[in-house]
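Colleague: Here it is, the structure, as structure tokens.
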Amino acid sequence: KKDDYPVDTAKRNCKFPCNVIDKEGYCDNLCKGRKAEKGYCYRLNASCYCYGLPDDSPTKKSGRCNPNL
């Protein structure tokens, strides 16, 4: 298992934006939907962060988001 930012697909490499006011709800549900233990909205970059993601789950790699792929 790993702790990291989930991405929509490995090729696109785009994190999931979130509203920092929604402390646990959206990201926690998103992460659990990807079989993680829990998740939250990281305030400094307003992106979902997951704890306990399966090792084969796509996560943020270095480089930019490619929304057009």
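Every residue gets a Cβ built from N, Cα and C, even glycine.
Quick paste of what Swiss-Prot says about this protein:
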- C14-C65: disulfide bond (DISULFID)
- C18-C41: disulfide bond (DISULFID)
- C27-C48: disulfide bond (DISULFID)
- C31-C50: disulfide bond (DISULFID)
- 2-66: domain 'LCN-type CS-alpha/beta' (DOMAIN)
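If you look at the structure here, what lies around each of the features I listed?
Modeller: Annotation for C65 (disulfide bond): same-chain Cβ neighbours under 8 Å, separated by at least 6 residues, are R12, N13, C14, K15.
For the recorded site, C18 (disulfide bond), the DSSP three-state label reads coil. The C-beta environment of C18 (disulfide bond), restricted to residues of the same chain at least 6 apart in sequence and closer than 8 Å, consists of Y26, C27, C41, A46, S47, C48.
Around C27 (disulfide bond), taking its Cβ as the centre, 24 other Cβ atoms fall within 10 Å, counting all chains.
Same-chain residues at least 6 positions away in sequence with a Cβ under 8 Å from that of C50 (disulfide bond) are, in sequence order, D3, D4, Y5, P6, C27, L30, C31, R34, A36, E37, K38, G39, S57.
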Colleague: Just name the winner among C14, C48 (the disulfide-bonded residues) by count of other CB atoms within 10 A of its CB.
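Modeller: Highest number of other Cβ atoms within 10 Å: C48.
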Colleague: For C65 (disulfide bond), what is the secondary structure by DSSP, using just helix, strand and coil?
Modeller: coil
